[in-house]
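*Asks:* Checked Swiss-Prot, it gives:
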REGION    1-20  region 'Disordered'
BINDING   52-53, Q130, 176-178, E196, R201, 242-243, 263-267, 273-274, Y322, G492  NAD(+) binding site
ACT_SITE  C410  active site
Amino acid sequence: MSNPRHNEREVRSPRGDELNAKSWLTEAPLRMLMNNLDPDVAERPHELVVYGGIGRAARTWDDFDRIVATLKTLNDDETLLVQSGKPVGVFRTHKDAPRVLIANSNLVPHWANWDHFNELDKKGLAMYGQMTAGSWIYIGAQGIVQGTYETFVEAGRQHYGGNLKGRWILTGGLGGMGGAQPLAAVMAGACCLAVECDETRADFRLRTRYVDEKTHSLDEALAKIDAWTKAGEAKSIALIGNAAEIFPELVKRGVKPDIVTDQTSAHDPVHGYLPLGWTVAEWRAKQENDPKVVEKAARASMKVQVQAMLDFWNAGIPTVDYGNNIRQMALEEGLENAFAFPGFVPAYIRPLFCRGIGPFRWAALSGDPEDIAKTDAKVKELLPDNKHLHNWLDMAKERIAFQGLPARICWVGLGDRHRLGLAFNEMVRNGELKAPIVIGRDHLDSGSVASPNRETEAMKDGSDAVSDWPLLNALLNTASGATWVSLHHGGGVGMGFSQHAGMVICCDGTEDADRRLERVLWNDPATGVMRHADAGYDIALDWARKQGLRLPAILGN
């Protein structure tokens, strides 16, 4: 019996200004779905896996084909419903309604665990959508680069006087998310040693210039790091190995990095983390044949790695969980103080979230990099005083290789997102851009996620696990007229640990799009300010007042 999730075909998004669907509002999700499976974008495109363990774009290849066929014929008053990667219905709505509504991986809380999900997955009844895999707005490793860069820069401010020159970062994982780390470190002025067990992933990052060098030798990696830091150079190296082996070995040797973190796919103990002593081939085979054995061995190995991270933390080295739930896995394995070191959001990112600042992104449906160059220039023009953002855009232009359709990530917040969206739409309307632009974001944003071990860890009022907020975010984006809206469970940290929502909106140059863009790109980040104001953060309360938000139970207006 053939595997419905495996196909050797190569998928690439159409380019140019010729429509394959009835309008740009259906052409946009069509192209972005296909872009998610571009071999230059996805981790394992032949298996529909985009990133993050088993984060898929569609449930099966038949479902992919059905989604594509449906989008090509969808009318401007119809909405396609996608249930865990399967196109289950088309319904009459109206022209300002989303063209696609997506729900991925959602389970009733009592059953929201990997065992139950994997059982459903095996039967073909579910699909893990991660965050931007199943919501069709993954743009390659760039999608996390700026967030990682902002994190490292803030760590430098807090611990090293704002200067990471001559410093180095130890981390693990070079997958779809972790692959951003070495480049982000270098852009922040630091060196990076990234441990990766799968050499094909390291090679992918070398090819796309996200990492500078590769080695199989720990001694060589350390020698390179030592030489670079002494010379004040910012460079990165991938070490082929197992983080659960390398991290403790560095502790044993007394090696002291300047910052320690990890972005292995520890959120998925079957598909995301290589057990100690295993080969990658053995691991892949046993994922199918004996997943329970894999999970047990992986969890035990995670405990070993987290203990090493605790050893670094106890030695006074800034150490953070980068949102893969590895501390939780170690805690469940009996490591009682696994949460002694913080997650990256409460440590470095939350003040940005309080102002609705997060991973705003856009992609050029034309496929022409010049369209991104023009939008970069427009961002600088509209935000002339944000020198930090200008610096980011300059570095991104120089260092970031596009994967699939040209795209840009740019952290901006409430008050700026809608201005950029309207400006991009005007550029489409007057012909400055060769085709429409889509604007989206990661589900990791200020108002769109409940994740007590990551984005909502250690909330001021203790509301870490309250997931009303992402549900309200999805509902409001739907009511506001986003082109497609998604509601997922388990992204980033795994089953049972998160709920989150996404939106994408198309700038097709029309006046109708102006109205939708103004609503969506104001309301979406405003929910983040609202959520943090409700939790009692002064920055959010002040920003809500400044932006004129009407929050009756919070501001009394």
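Each residue's number is its place along the chain shown, starting with 1.
Yeah, the Cβs are placed from backbone N, Cα and C, and that goes for glycine too.
Relative to the rest of the structure, where do these features sit?
*Replies:* Outside the region 'Disordered' (1-20), and at least 6 residues removed from its termini, the chain residues within Cβ reach (under 8 Å) are 27, 30-32, 34-35, 37-39, 45-48, 56, 59-62, 72, 124, 365-368, 404-405, 434-435.
Mapped onto three states, the DSSP output places G52 (NAD(+) binding site) in coil.
Taking a C-beta cut-off of under 8 angstroms and a sequence separation of 6 or more, C410 (active site) has the following same-chain neighbours: Q146, F360, R361, W362, V379, L389, W392, L393.
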*Asks:* Over the span of the region 'Disordered' (1-20), count residues by DSSP class, listing helix, strand and coil in order.
*Replies:* 0 helix, 0 strand, 20 coil
*Asks:* What count of other C-beta atoms do you get within 10 angstroms of the C-beta of E196 (NAD(+) binding site), across all chains shown?
*Replies:* 29
